[in-house]
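A quick write-up on the structure given underneath.
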Amino acid sequence: MGRNMFHYLTVFFCVISILAPLSVGQLDYSFYERSCPSLPRIVRWGVWSAYRNDSRIAAALLRLHFHDCFVDGCDGSVLLDDTNDFKGEKNALPNRNSARGYEIIDSIKADLERACPSTVSCVDILTLAAREVVVMSGGPYWPVLLGRRDGLTASDKAANEQLPSPFEPLDKIAAKFTAKGLDLKDVVVLSGAHTIGYAQCFAFKRRLFNFQNSGKPDPNLDSSMLSNLQSTCPNTDGSNSKIAPLDFQSVTRFDNSYYRNLVNNSGLLESDQALMSNSQTADMVKSYSSYPYLFYQDFAASMMKLGNVGILTGQSGQIRKICGSVN
């Protein structure tokens, strides 16, 4: 326990020193210190209550935060239900029947409305929740700047266009990151979130049976892993919604085994294994596979960058009373 605490403190101070300039605009680490001092406790308890019942919720909340920030910025738009005025992100192709965790954010928001009415934004709750699940899963701690405000609309079209796809080549994924002010290193680092969670068979099945329309499996995929995956995901439409772990070594533990898998040609998604096809990204993968603390430090730094993409502050947006709808 002492070693873990030392690790978290080391990462905390390293990240603070590296990313201090990100204290931009009207965001502040202590934004709610006076207006809602119970915020950290309420979020932590709400997340822990969900996590202890279902450890898979860690990957779900982390993914929800990523999908929120990557579509027109971190503004809680992924949480909005469809209305007569817009078709939102919940039913966009990358989220439909796969995005989870909405009810946890809604529950935490309800608790906060009782404690601090109309004070804490839904996007800040989601940003904090993503940090909490990483720590609970054994990953690094990072400080979260607060003061984001919630957006007023959402777009399924934007989600379909802006979110990276596991079927896209690395250069297109990198271009989508660049459009958000992120870089190739962030692609490699944030892909490491796949150390926890599962993917549905449809997201990787073509690697198993018809890689690049060859009629054959991906020749780079480890043979024993291929056999196991073909058993889990037979080549029928009925297996599309079955799931397999993104990191078969430690599906519920946040660590660096994801990168060791890539080195051993055991990445699940095409977009994961593609990181070994580029010399620059492959070098980073190898470094993270050997030095877990380097990965933890860089993951914390990239998550801080992600959490500041396209934010609303000041009088922009609003503080929603219910996360699924605008006031």
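Keep in mind that glycine also has a Cβ here, set from the backbone N, Cα and C atoms.
TrEMBL labels come from automatic prediction, so no person has curated them.
Residues annotated as signal peptide in TrEMBL: 1-25. Positions annotated as domain 'Plant heme peroxidase family profile' by TrEMBL: 26-327. Feature annotation from TrEMBL assigns disulfide bond to Cys36-Cys116, Cys69-Cys74, Cys122-Cys323, Cys201-Cys233. Per TrEMBL, site 'Transition state stabilizer' is recorded for Arg63. Under the heading active site, proton acceptor, TrEMBL lists His67. Among the features that TrEMBL reports, Ca(2+) 1 binding site is placed at Asp68, Val71, Gly73, Asp75, Ser77, Glu89. Per TrEMBL, the feature substrate binding site maps to Pro164. Per TrEMBL, heme b binding site is recorded for His194. Per TrEMBL, the feature Ca(2+) 2 binding site maps to Thr195, Asp247, Asp255.
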Integer Å distance between the CA atoms belonging to His67 (active site, proton acceptor) and the residue listed as 'substrate binding site': 9
Count of other CB atoms lying within 10 Å of the CB belonging to Asp255 (Ca(2+) 2 binding site): 19
Nonlocal residues around the residue listed as 'active site, proton acceptor', in sequence order (Cβ under 8 Å, 6 or more apart): Val78, Glu89, Pro94, Asn95, Ala99, Ala159, Leu163
Recorded positions (Cys36, Val71, Cys116, Cys201, Cys233), the one with most neighbouring Cβ atoms at 10 Å: Val71
Cα within 10 Å of Cys323 (disulfide bond) - qualifying binding-site residues among Ser77, His194, Thr195, Asp247: Ser77
CB contacts for Glu89 (Ca(2+) 1 binding site) [other CB atoms within 10 A, all chains]: 28
Long-range Cβ environment of Asp247 (Ca(2+) 2 binding site), under 8 Å and at least 6 residues apart: His194, Thr195, Ile196, Ser257, Tyr258, Asn261, Leu268
10 Å Cα neighbourhood of Asp75 (Ca(2+) 1 binding site): matching disulfide-bonded residues from Cys36, Cys69, Cys122, Cys233: Cys69, Cys122
